[in-house]
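Quick look at what TrEMBL annotates:
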TRANSMEM  31-49  transmembrane segment
TRANSMEM  61-80  transmembrane segment
TRANSMEM  114-132  transmembrane segment
DOMAIN    171-313  domain 'O-antigen ligase-related'
TRANSMEM  189-207  transmembrane segment
TRANSMEM  214-234  transmembrane segment
TRANSMEM  301-320  transmembrane segment
TRANSMEM  332-350  transmembrane segment
(Lines of atoms letter the chains of each structure in order from A and count residues from 1; the text may use other names and numbers.)
(Lines give C-alpha, C1' and ligand atoms only; values in the text may rest on other atoms or scores of the structure.)
Protein backbone atom coordinates (compact mmCIF):
# COMPACT_ATOMS: atom_id res chain seq x y z
CA UNK A 1 0.00 0.00 0.00
CA UNK A 2 2.89 2.34 0.79
CA UNK A 3 4.41 1.78 -2.66
CA UNK A 4 1.01 2.46 -4.26
CA UNK A 5 0.77 5.78 -2.43
CA UNK A 6 4.27 6.68 -3.58
CA UNK A 7 3.46 5.87 -7.21
CA UNK A 8 0.25 7.91 -6.96
CA UNK A 9 2.18 10.80 -5.44
CA UNK A 10 4.75 10.76 -8.28
CA UNK A 11 1.90 10.69 -10.80
CA UNK A 12 0.30 13.69 -9.11
CA UNK A 13 3.56 15.65 -9.05
CA UNK A 14 3.94 15.12 -12.79
CA UNK A 15 0.34 16.18 -13.32
CA UNK A 16 0.77 19.24 -11.09
CA UNK A 17 3.81 20.42 -13.03
CA UNK A 18 2.11 19.66 -16.35
CA UNK A 19 -0.98 21.65 -15.39
CA UNK A 20 0.78 24.68 -13.90
CA UNK A 21 3.41 24.87 -16.64
CA UNK A 22 0.73 24.73 -19.33
CA UNK A 23 -0.93 27.80 -17.82
CA UNK A 24 2.29 29.79 -17.40
CA UNK A 25 2.89 30.02 -21.14
CA UNK A 26 -0.26 28.90 -22.93
CA UNK A 27 0.26 26.94 -26.13
CA UNK A 28 -2.18 25.67 -28.72
CA UNK A 29 -2.19 22.12 -27.32
CA UNK A 30 -4.27 22.62 -24.20
CA UNK A 31 -3.71 20.62 -21.03
CA UNK A 32 -7.45 20.61 -20.44
CA UNK A 33 -8.08 17.98 -23.10
CA UNK A 34 -5.34 15.60 -21.95
CA UNK A 35 -6.30 12.07 -20.92
CA UNK A 36 -4.14 12.61 -17.80
CA UNK A 37 -6.87 14.80 -16.34
CA UNK A 38 -9.73 12.31 -16.01
CA UNK A 39 -7.32 9.51 -15.01
CA UNK A 40 -5.74 11.68 -12.33
CA UNK A 41 -9.10 12.84 -10.98
CA UNK A 42 -10.41 9.28 -10.86
CA UNK A 43 -7.36 7.86 -9.05
CA UNK A 44 -7.22 10.70 -6.53
CA UNK A 45 -10.94 10.46 -5.83
CA UNK A 46 -10.68 6.72 -5.15
CA UNK A 47 -7.71 7.23 -2.84
CA UNK A 48 -9.35 10.01 -0.83
CA UNK A 49 -12.69 8.24 -0.46
CA UNK A 50 -10.92 5.08 0.70
CA UNK A 51 -8.68 6.97 3.13
CA UNK A 52 -11.38 7.70 5.67
CA UNK A 53 -13.58 10.45 7.01
CA UNK A 54 -12.89 14.11 7.73
CA UNK A 55 -14.46 15.56 4.59
CA UNK A 56 -16.38 18.12 6.62
CA UNK A 57 -13.60 19.00 9.01
CA UNK A 58 -14.20 22.50 10.36
CA UNK A 59 -11.14 24.07 8.72
CA UNK A 60 -11.83 22.38 5.37
CA UNK A 61 -15.54 23.09 5.17
CA UNK A 62 -15.32 26.67 3.90
CA UNK A 63 -13.11 26.16 0.86
CA UNK A 64 -14.84 22.86 0.02
CA UNK A 65 -18.28 24.51 -0.04
CA UNK A 66 -16.85 27.31 -2.18
CA UNK A 67 -15.46 24.87 -4.76
CA UNK A 68 -18.66 22.80 -4.79
CA UNK A 69 -20.77 25.92 -5.41
CA UNK A 70 -18.52 27.04 -8.28
CA UNK A 71 -18.80 23.59 -9.80
CA UNK A 72 -22.61 23.47 -9.50
CA UNK A 73 -23.08 26.91 -11.06
CA UNK A 74 -20.67 26.07 -13.87
CA UNK A 75 -22.66 22.94 -14.67
CA UNK A 76 -25.96 24.85 -14.59
CA UNK A 77 -24.68 27.40 -17.08
CA UNK A 78 -22.71 24.98 -19.24
CA UNK A 79 -25.18 25.27 -22.11
CA UNK A 80 -24.50 29.01 -22.32
CA UNK A 81 -20.74 28.93 -21.77
CA UNK A 82 -19.64 25.74 -23.54
CA UNK A 83 -15.96 26.48 -24.00
CA UNK A 84 -15.02 27.27 -20.38
CA UNK A 85 -17.35 24.61 -19.01
CA UNK A 86 -15.90 22.00 -21.35
CA UNK A 87 -12.73 21.75 -19.32
CA UNK A 88 -14.09 23.21 -16.10
CA UNK A 89 -15.98 19.97 -15.44
CA UNK A 90 -12.65 18.32 -14.78
CA UNK A 91 -10.30 21.08 -13.66
CA UNK A 92 -12.58 22.66 -11.09
CA UNK A 93 -12.88 19.43 -9.12
CA UNK A 94 -9.08 19.29 -8.75
CA UNK A 95 -8.89 21.96 -5.99
CA UNK A 96 -11.25 20.00 -3.76
CA UNK A 97 -9.14 16.88 -4.30
CA UNK A 98 -5.90 18.74 -3.66
CA UNK A 99 -7.39 20.16 -0.47
CA UNK A 100 -7.58 16.67 1.00
CA UNK A 101 -4.62 15.02 -0.68
CA UNK A 102 -1.86 16.31 1.67
CA UNK A 103 -3.92 15.44 4.73
CA UNK A 104 -4.91 11.99 3.49
CA UNK A 105 -1.41 11.08 2.34
CA UNK A 106 0.28 12.24 5.52
CA UNK A 107 -2.39 10.80 7.82
CA UNK A 108 -1.82 7.42 6.17
CA UNK A 109 1.84 7.47 7.32
CA UNK A 110 3.19 8.73 4.00
CA UNK A 111 6.70 10.08 4.66
CA UNK A 112 6.49 13.86 5.02
CA UNK A 113 10.01 14.25 3.62
CA UNK A 114 8.87 12.73 0.34
CA UNK A 115 5.95 15.16 0.22
CA UNK A 116 8.22 18.16 0.87
CA UNK A 117 10.95 17.08 -1.54
CA UNK A 118 8.43 16.33 -4.27
CA UNK A 119 6.96 19.82 -4.03
CA UNK A 120 10.44 21.37 -3.96
CA UNK A 121 11.28 19.57 -7.20
CA UNK A 122 8.08 20.79 -8.88
CA UNK A 123 8.76 24.35 -7.69
CA UNK A 124 12.32 24.20 -9.04
CA UNK A 125 11.10 22.86 -12.40
CA UNK A 126 8.46 25.60 -12.64
CA UNK A 127 11.10 28.23 -11.87
CA UNK A 128 13.39 26.83 -14.56
CA UNK A 129 10.48 26.70 -17.00
CA UNK A 130 9.56 30.30 -16.15
CA UNK A 131 13.04 31.76 -16.60
CA UNK A 132 13.76 29.67 -19.70
CA UNK A 133 10.60 30.85 -21.45
CA UNK A 134 11.05 34.37 -20.13
CA UNK A 135 14.50 34.54 -21.73
CA UNK A 136 13.03 33.38 -25.04
CA UNK A 137 10.12 35.84 -24.91
CA UNK A 138 12.04 38.92 -23.77
CA UNK A 139 13.62 39.35 -27.20
CA UNK A 140 10.16 39.51 -28.72
CA UNK A 141 8.86 42.34 -26.55
CA UNK A 142 10.92 43.76 -23.71
CA UNK A 143 7.95 45.88 -22.53
CA UNK A 144 5.60 42.95 -22.05
CA UNK A 145 4.31 42.03 -18.60
CA UNK A 146 4.26 38.40 -17.60
CA UNK A 147 1.45 36.74 -15.64
CA UNK A 148 3.42 33.50 -15.41
CA UNK A 149 5.16 34.64 -12.23
CA UNK A 150 1.86 34.34 -10.37
CA UNK A 151 2.15 30.55 -10.59
CA UNK A 152 5.47 30.78 -8.74
CA UNK A 153 3.96 33.23 -6.24
CA UNK A 154 1.02 30.98 -5.36
CA UNK A 155 3.19 27.86 -5.23
CA UNK A 156 5.59 29.44 -2.72
CA UNK A 157 3.21 29.16 0.32
CA UNK A 158 3.25 25.36 0.02
CA UNK A 159 7.02 25.35 0.52
CA UNK A 160 6.84 27.97 3.26
CA UNK A 161 4.97 25.36 5.30
CA UNK A 162 8.21 23.35 5.44
CA UNK A 163 9.61 24.09 8.88
CA UNK A 164 13.10 24.94 7.65
CA UNK A 165 14.23 28.57 7.69
CA UNK A 166 16.79 28.12 4.90
CA UNK A 167 14.25 26.63 2.52
CA UNK A 168 11.78 29.39 3.39
CA UNK A 169 14.20 32.23 2.67
CA UNK A 170 15.52 30.66 -0.54
CA UNK A 171 11.93 30.22 -1.78
CA UNK A 172 11.08 33.83 -0.93
CA UNK A 173 14.22 35.13 -2.65
CA UNK A 174 13.59 33.17 -5.86
CA UNK A 175 9.91 34.12 -5.89
CA UNK A 176 10.80 37.79 -5.48
CA UNK A 177 13.24 37.65 -8.42
CA UNK A 178 10.60 35.98 -10.60
CA UNK A 179 8.07 38.69 -9.77
CA UNK A 180 10.51 41.50 -10.51
CA UNK A 181 11.00 40.05 -13.98
CA UNK A 182 7.22 39.97 -14.49
CA UNK A 183 6.75 43.77 -14.23
CA UNK A 184 3.37 43.10 -12.55
CA UNK A 185 2.70 45.90 -10.06
CA UNK A 186 -0.01 44.20 -8.04
CA UNK A 187 2.00 40.98 -7.81
CA UNK A 188 5.17 42.78 -6.72
CA UNK A 189 3.29 44.94 -4.21
CA UNK A 190 1.49 41.89 -2.80
CA UNK A 191 4.76 40.00 -2.46
CA UNK A 192 6.51 42.97 -0.82
CA UNK A 193 3.76 43.42 1.77
CA UNK A 194 3.55 39.67 2.29
CA UNK A 195 7.32 39.58 2.83
CA UNK A 196 7.03 42.33 5.45
CA UNK A 197 4.33 40.31 7.23
CA UNK A 198 6.45 37.14 7.02
CA UNK A 199 9.56 38.80 8.46
CA UNK A 200 7.63 40.65 11.17
CA UNK A 201 5.82 37.58 12.46
CA UNK A 202 8.95 35.44 12.15
CA UNK A 203 10.69 37.87 14.49
CA UNK A 204 7.64 38.14 16.74
CA UNK A 205 7.00 34.41 17.12
CA UNK A 206 10.37 32.67 16.89
CA UNK A 207 13.26 35.08 17.48
CA UNK A 208 14.43 35.74 21.02
CA UNK A 209 14.58 39.32 22.28
CA UNK A 210 18.37 39.13 22.46
CA UNK A 211 18.78 38.25 18.77
CA UNK A 212 16.08 40.50 17.26
CA UNK A 213 18.37 43.48 16.59
CA UNK A 214 21.02 41.32 14.90
CA UNK A 215 18.30 39.60 12.89
CA UNK A 216 16.93 42.96 11.69
CA UNK A 217 20.39 44.08 10.56
CA UNK A 218 20.87 40.84 8.62
CA UNK A 219 17.43 41.27 6.99
CA UNK A 220 18.21 44.85 5.91
CA UNK A 221 21.55 43.80 4.41
CA UNK A 222 19.95 40.87 2.57
CA UNK A 223 17.09 43.00 1.21
CA UNK A 224 19.46 45.70 -0.02
CA UNK A 225 21.75 43.11 -1.63
CA UNK A 226 18.77 41.42 -3.27
CA UNK A 227 17.54 44.74 -4.69
CA UNK A 228 20.98 45.61 -6.08
CA UNK A 229 21.36 42.13 -7.55
CA UNK A 230 17.92 42.23 -9.15
CA UNK A 231 18.67 45.59 -10.81
CA UNK A 232 21.80 44.11 -12.38
CA UNK A 233 19.92 41.03 -13.53
CA UNK A 234 16.97 43.00 -14.92
CA UNK A 235 19.18 45.31 -16.96
CA UNK A 236 17.07 47.59 -19.18
CA UNK A 237 13.87 46.26 -17.65
CA UNK A 238 14.76 47.82 -14.27
CA UNK A 239 13.87 51.24 -15.74
CA UNK A 240 10.61 49.83 -17.07
CA UNK A 241 9.80 48.50 -13.62
CA UNK A 242 10.52 51.87 -12.02
CA UNK A 243 8.27 53.58 -14.56
CA UNK A 244 5.47 51.13 -13.79
CA UNK A 245 5.44 52.26 -10.16
CA UNK A 246 5.98 55.98 -10.83
CA UNK A 247 3.19 56.16 -13.43
CA UNK A 248 0.34 55.25 -11.10
CA UNK A 249 -2.00 57.69 -12.83
CA UNK A 250 -2.88 55.13 -15.49
CA UNK A 251 -5.95 54.04 -13.47
CA UNK A 252 -4.41 50.68 -12.70
CA UNK A 253 -3.82 49.74 -16.36
CA UNK A 254 -7.43 50.56 -17.19
CA UNK A 255 -8.94 48.88 -14.14
CA UNK A 256 -11.22 51.85 -13.43
CA UNK A 257 -12.98 51.30 -16.74
CA UNK A 258 -13.11 47.55 -16.15
CA UNK A 259 -14.68 48.00 -12.71
CA UNK A 260 -17.25 50.47 -14.05
CA UNK A 261 -18.22 48.09 -16.84
CA UNK A 262 -18.51 45.19 -14.38
CA UNK A 263 -20.67 47.17 -11.94
CA UNK A 264 -22.91 48.11 -14.86
CA UNK A 265 -23.29 44.42 -15.73
CA UNK A 266 -24.13 43.61 -12.11
CA UNK A 267 -26.73 46.38 -12.07
CA UNK A 268 -28.48 44.79 -15.04
CA UNK A 269 -28.89 41.45 -13.23
CA UNK A 270 -32.30 39.97 -12.60
CA UNK A 271 -33.13 38.45 -9.21
CA UNK A 272 -32.15 34.93 -10.25
CA UNK A 273 -28.90 36.13 -11.83
CA UNK A 274 -28.12 38.08 -8.67
CA UNK A 275 -28.55 34.94 -6.56
CA UNK A 276 -26.79 32.27 -8.67
CA UNK A 277 -24.86 34.34 -11.20
CA UNK A 278 -24.04 33.74 -14.87
CA UNK A 279 -21.52 30.91 -14.54
CA UNK A 280 -17.80 30.74 -15.16
CA UNK A 281 -16.48 33.47 -17.45
CA UNK A 282 -19.68 35.53 -17.29
CA UNK A 283 -17.93 38.90 -17.12
CA UNK A 284 -15.54 37.97 -19.92
CA UNK A 285 -18.46 36.86 -22.08
CA UNK A 286 -20.79 39.81 -21.47
CA UNK A 287 -18.50 42.77 -20.77
CA UNK A 288 -18.18 45.30 -23.62
CA UNK A 289 -14.45 45.38 -22.81
CA UNK A 290 -14.19 41.60 -23.41
CA UNK A 291 -12.11 40.96 -20.29
CA UNK A 292 -12.57 39.59 -16.79
CA UNK A 293 -13.38 41.81 -13.81
CA UNK A 294 -9.78 41.91 -12.51
CA UNK A 295 -11.26 41.55 -9.03
CA UNK A 296 -12.33 38.23 -7.56
CA UNK A 297 -15.16 39.73 -5.51
CA UNK A 298 -16.79 41.51 -8.45
CA UNK A 299 -16.17 38.45 -10.61
CA UNK A 300 -17.81 36.12 -8.10
CA UNK A 301 -20.79 38.42 -7.61
CA UNK A 302 -21.51 38.37 -11.34
CA UNK A 303 -20.41 34.82 -12.20
CA UNK A 304 -21.56 32.95 -9.09
CA UNK A 305 -24.09 35.29 -7.53
CA UNK A 306 -24.40 36.62 -4.02
CA UNK A 307 -24.11 33.07 -2.64
CA UNK A 308 -20.72 32.58 -4.31
CA UNK A 309 -19.56 35.97 -3.03
CA UNK A 310 -20.72 35.12 0.51
CA UNK A 311 -18.81 31.82 0.41
CA UNK A 312 -15.68 33.61 -0.77
CA UNK A 313 -15.98 36.21 2.00
CA UNK A 314 -16.57 33.42 4.51
CA UNK A 315 -13.37 31.64 3.50
CA UNK A 316 -11.30 34.83 3.67
CA UNK A 317 -12.68 35.61 7.14
CA UNK A 318 -11.86 32.07 8.28
CA UNK A 319 -8.38 32.47 6.81
CA UNK A 320 -7.89 35.75 8.67
CA UNK A 321 -9.05 34.25 11.98
CA UNK A 322 -6.70 31.30 11.47
CA UNK A 323 -3.74 33.66 10.97
CA UNK A 324 -4.61 35.61 14.12
CA UNK A 325 -4.91 32.39 16.11
CA UNK A 326 -1.51 31.17 14.89
CA UNK A 327 0.11 34.49 15.79
CA UNK A 328 -1.33 34.37 19.31
CA UNK A 329 -0.04 30.82 19.77
CA UNK A 330 3.37 31.85 18.36
CA UNK A 331 3.12 28.97 15.92
CA UNK A 332 5.93 28.13 13.51
CA UNK A 333 3.33 28.49 10.75
CA UNK A 334 2.13 31.98 11.69
CA UNK A 335 4.56 33.72 9.32
CA UNK A 336 3.79 31.51 6.26
CA UNK A 337 0.05 31.87 6.90
CA UNK A 338 0.35 35.67 7.26
CA UNK A 339 2.40 35.92 4.06
CA UNK A 340 -0.14 33.89 2.12
CA UNK A 341 -3.13 35.78 3.50
CA UNK A 342 -1.64 39.15 2.50
CA UNK A 343 -0.70 37.90 -0.98
CA UNK A 344 -4.11 36.32 -1.59
CA UNK A 345 -6.04 39.32 -0.23
CA UNK A 346 -4.22 41.89 -2.37
CA UNK A 347 -4.24 39.84 -5.55
CA UNK A 348 -7.91 38.94 -5.14
CA UNK A 349 -8.71 42.67 -4.97
CA UNK A 350 -6.66 43.76 -7.99
CA UNK A 351 -6.35 40.59 -10.03
CA UNK A 352 -7.56 36.98 -9.73
CA UNK A 353 -6.76 34.12 -7.39
CA UNK A 354 -9.96 32.14 -6.91
CA UNK A 355 -11.29 32.75 -10.42
CA UNK A 356 -8.54 30.70 -12.08
CA UNK A 357 -8.68 27.04 -11.08
CA UNK A 358 -4.92 26.51 -11.52
CA UNK A 359 -4.29 29.14 -8.80
CA UNK A 360 -7.16 27.90 -6.63
CA UNK A 361 -5.64 24.42 -6.84
CA UNK A 362 -2.36 25.69 -5.34
CA UNK A 363 -4.20 27.53 -2.57
CA UNK A 364 -6.10 24.31 -1.81
CA UNK A 365 -2.85 22.31 -1.53
CA UNK A 366 -1.43 24.99 0.76
CA UNK A 367 -4.58 25.05 2.89
CA UNK A 368 -4.60 21.28 3.27
CA UNK A 369 -0.90 21.08 4.13
CA UNK A 370 -1.06 24.05 6.50
CA UNK A 371 -3.94 22.53 8.46
CA UNK A 372 -2.16 19.18 8.67
CA UNK A 373 0.97 20.87 10.04
CA UNK A 374 -1.07 22.88 12.54
CA UNK A 375 -2.70 19.72 13.88
CA UNK A 376 0.68 17.97 14.05
CA UNK A 377 2.21 20.92 15.89
CA UNK A 378 -0.69 20.93 18.34
CA UNK A 379 -0.32 17.20 19.04
CA UNK A 380 3.47 17.43 19.41
CA UNK A 381 3.10 20.35 21.81
CA UNK A 382 0.81 18.47 24.18
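Cβ from N, Cα, C; glycine included.
Annotations in TrEMBL come from automatic prediction, not curation.
Contact counts against the transmembrane segment (189-207), taken as Cβ pairs under 8 Å, peak for 332-350 among the stretches 61-80, 301-320, 332-350. Long-range neighbours of the transmembrane segment (301-320) within the same chain, counting only residues 6 or more positions beyond its ends whose Cβ lies under 8 Å from a Cβ of the stretch, are 59, 62-63, 65-66, 69-70, 73, 262, 265-266, 269, 273-283, 293, 337, 341, 344-345, 348, 354-355.
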